[in-house]
Amino acid sequence: MATSIPTNNPLHTETSSQKNYGFALTSLTLLFFMSGFITCLNDILIPHLKNVFQLNYTQSMLIQFCFFGAYFIVSLPAGQLVKRISYKCGIVVGLIVAAIGCALFIPAASYRVYALFLGALFVLASGVTILQVAANPYVTILGKPETAASRLTLTQAFNSLGTTVAPVFGAVLILSAATDATVNAEADAVRFPYLLLALAFTVLAIIFAILKPPDVQEDEPALSDKKEGSAWQYRHLVLGAIGIFVYVGAEVSVGSFLVNFLSDPTVAGLSETDAAHHVAYFWGGAMVGRFIGSAAMRYIDDGKALAFNAFVAIILLFITVATTGHIAMWSVLAIGLFNSIMFPTIFSLALHGLGSHTSQGSGILCLAIVGGAIVPLIQGALADAIGIHLAFLMPIICYAYIAFYGLIGSKS
């Protein structure tokens with residue numbers, strides 16, 4: 001989700017030291033927290049709705065398909081919207097749309113129709129997409145260019161804080177409530193949590209509508225002074241988009257299957273509620289890794305760090321597939337630590353030197369987040385065909401590409 005982002009950005013050379021971007025960055029961390037929280041809550045929603053509607057693995061992965069499919073449909077229009085109305089207004093629009101999506105869970109629970117839940121998730125994800133398109137590049141240009149990747153890694157650490165808290169929140173308010181409910185009332189377990197989230201997004205929208213964050217422009221010269229054309233002309237951006245696709249696909253796929261995997265008798269045999277609490281270790285590892293990475297990657301080469309983490313993730317997945325019991329459990333949970341720097345590192349490397357094409361490039365990268373819709377669906381089909389254990393071979397392919405991008409593909 002890097003040493004510095006290597007850009008030639010004169011925007012900051014004369015003004016960065018004179019401006020205080022601290023308050024704006026602090027406000028943006030709230031958005032990253034909520035984005036991570038709402039996304040990771042799907043990991044709890046999947047086993048819950050799987051039980052409510054008696055779904056197989058492939059059908060339950062439609063939750064991620066609809067959520068991350070929104071990135072594919074909304075990202076490019078969102079990039080144009082943000083470029084037209086400013087980063088701040090884009091953030092406000094994203095928050096409002098996300099609030100509406102959360103509110104739609106109330107009628108979905110009342111009618112107890114799986115398709116309505118999927119529709120609500122799509123609307124919610126559309127709002128989150130707009131937030132991602134506006135917030136990610138905004139962070140990279142709020143401050144010195146040589147520390148852009150470090151700032152993005154730090155804000156992503158708060159995204160990870162949200163993903164760490166979400167499983168516990170979901171375990172208590174969704175899975176535990178569903179355990180005590182009748183079959184007909186199980187779907188209602190999501191109403192109160194998502195009502196709270198709708199209110200939270202609404203409050204944040206009001207706050208950002210009132211705030212006056214610094215207005216910065218994307219006036220850096222692009223690599224080779226390519227003022228014409230589009231962001232698609234940059235090879236490292238295109239390969240980076242593939243990197244985002246496979247990274248998000250792998251991360252979402254692993255996270256989506258954790259509750260069911262840890263509930264498997266051959267692994268840990270945990271109850272779904274206990275398994276959900278353990279999911280916090282996976283996302284907590286990513287949080288810790290991002291805080292460490294925010295400081296360490298000021299001194300470490302971006303690409304080499306990315307490749308190293310990808311290789312370790314591959315080793316951990318092989319251990320997960322080849323073993324059972326607590327070794328398999330802790331191996332898969334440890335992957336979160338090495339996922340930590342991947343998204344911000346790929347993102348910052350891919351946006352290097354895009355200049356006036358930065359908004360479009362950000363939209364393309366967010367478009368690639370559709371990997372979170374496709375890869376889990378494939379792993380779901382594998383889980384139905386060969387079992388949930390062997391299905392963890394799928395993310396290995398994704399991490400292999402990430403290693404390639406870190407060593408070779410990111411060179412511009």
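Every residue gets a Cβ built from N, Cα and C, even glycine.
Here's what Swiss-Prot has on this protein:
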TRANSMEM  21-41  transmembrane segment
TRANSMEM  62-82  transmembrane segment
TRANSMEM  90-110  transmembrane segment
TRANSMEM  113-133  transmembrane segment
TRANSMEM  158-178  transmembrane segment
TRANSMEM  192-212  transmembrane segment
TRANSMEM  239-259  transmembrane segment
TRANSMEM  310-330  transmembrane segment
TRANSMEM  331-351  transmembrane segment
TRANSMEM  363-383  transmembrane segment
TRANSMEM  388-408  transmembrane segment
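Tertiary proximity for the transmembrane segment (113-133) is limited to same-chain residues at least six positions away from its ends with a CB under 8 Å from its CB atoms, namely 31, 35, 38-39, 42, 45, 49, 53, 55, 62-63, 66-71, 73-75, 78-79, 81-82, 90-91, 93-102, 104-105, 107, 190, 201, 359, 362-363, 366, 369. Stretch with the largest number of CB pairs closer than 8 A to the transmembrane segment (158-178), among 21-41, 192-212, 310-330, 363-383: 21-41.
Beyond the ends of the transmembrane segment (62-82), by six or more residues, the same chain brings 39, 42, 45-46, 49, 90, 93-94, 117-119, 121-126, 128-130, 132-134, 248, 252, 256, 359-360, 362-364, 366-374, 376-377 to within a C-beta distance below 8 angstroms of the stretch. Annotation: stretch 90-110 has the most Cβ pairs under 8 Å to the transmembrane segment (192-212), among 21-41, 90-110, 239-259, 310-330, 363-383. Note on the transmembrane segment (363-383): residues 56-62, 64-69, 71-72, 75-76, 78-80, 129, 132-133, 136, 231-232, 237, 240-253, 256-257, 347, 350-351, 390-395, 398 of its chain, located 6 or more positions outside it, place their CB under 8 angstroms from a CB of the stretch.
Within the chain carrying the transmembrane segment (310-330), a Cβ under 8 angstroms from the stretch's Cβ atoms is held by residues 250, 262, 266-268, 278, 338-339, 342, 389-390, 392-393, 395-396, 399-400, 402-403, 406, all 6 or more beyond its ends. Within the chain, the transmembrane segment (21-41) has long-range Cβ neighbours (under 8 A, six or more residues past its boundaries) at 67, 91, 95, 98, 102, 124, 128, 131-132, 135, 138-139, 142-143, 151, 155-156, 158-167, 169-170, 193, 197, 200-201, 204, 207-208, 211, 213-214, 255, 279, 283.
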